[in-house]
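Take a look at the structure set out below.
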């Protein structure tokens, strides 16, 4: 069920498959069930939706990286002017979070304008492939060939293809027939696929371990598996006996494990550092410690950041951005001369109006322009207030099409949906007098983020 506004909801029942493969969906709206058919292209993009009589209800088009465009002239829609998605899903069947300009690809959020994820892949899938070292990249930088439904499949196919091509190229001087070409290609494909699968399995086994340690373990396992197949397979293709094949497999496993451990550890540590985590293990940095501390325990008097997951606010679904958030947006624009003034002035008027509305609702405004930090990324809220002993963090925009900053795109979806602990930063945050709301220390108490717009 999707809540679209006060007193309005939509229920969806996919038939014959899930979100990404179902050919039809039952939609219940205003108490009436309707059957719609879903048409997709070879990537799984939702391109057409019809009713049960074949009448076209919606037509969509996307560029290679997922930006929605006009299906008639192929022009990409400007931010804020994209049409509503009838099912809330479009590019490769994923959920669009249009209010943030992002696509929810389950494990990570994806920006179709940049063609990049906002957070890195938890591990380097193919340590010996340069494209895999860009852990923010989508579909091996080839979105017309690969689809990342859940981060668990496309890279196996990619690893097999790349491994096969590379191995065939390396042994090109030994290829004298179609059979020998496919032999070397098959060895490389098997090695690449096995390395990818092994890396994924090890990543699941080590759980939350990342950083240098996790990256080295995953890289070593993946490298050993692929190296063993490369060594043994190529020895067999060269006509070696059993001893040659065994020796080639063992030496390949050893060299692959070493190179994989070094590469995986280096990039795992770098990824953890840029995420604000401990470089060695990928754990949250304990209070009073640096990301490079081997001993990652809180110093005396410090407070370790807890893992916090609270239920989302009673707010509209952020995946329905083109409709104003009913619980957070006035029913009509502010009647003020500011409507015809500059954007900055409108913003100031909107913030003042929001504060006045909050006070009328029984809240108390504590401080304007308050900065917080989440996983090393900072963003500033227009003001912070308190009601019923719960802090309210307000972000005010001067219209439904107003853009978010890059940091807001990263932080707001997490703050509004997952409620992680954040760290207050700066002198304005220092002036907020609330229990456990301390600058430089994780705040893990309940809070509410309000995102609303005026004009």
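Placement of Cβ uses the backbone N, Cα and C atoms for every residue, glycine included.
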Looking at 212-232, 233-253, 254-274, 275-295, which stretch does TrEMBL describe as transmembrane segment?
212-232
Match it up for me: which of 107-131, 182-206, 307-331, 332-356 does TrEMBL list as transmembrane segment?
182-206
From 153-170, 369-386, 387-404, which range did TrEMBL mark with transmembrane segment?
153-170
Stretch-averaged pLDDT - the domain 'Teneurin-like YD-shell' (37-138)
88
Under the DSSP assignment, what numbers of helix, strand and coil residues are found in the domain 'Teneurin-like YD-shell' (37-138)?
7 helix, 34 strand, 61 coil
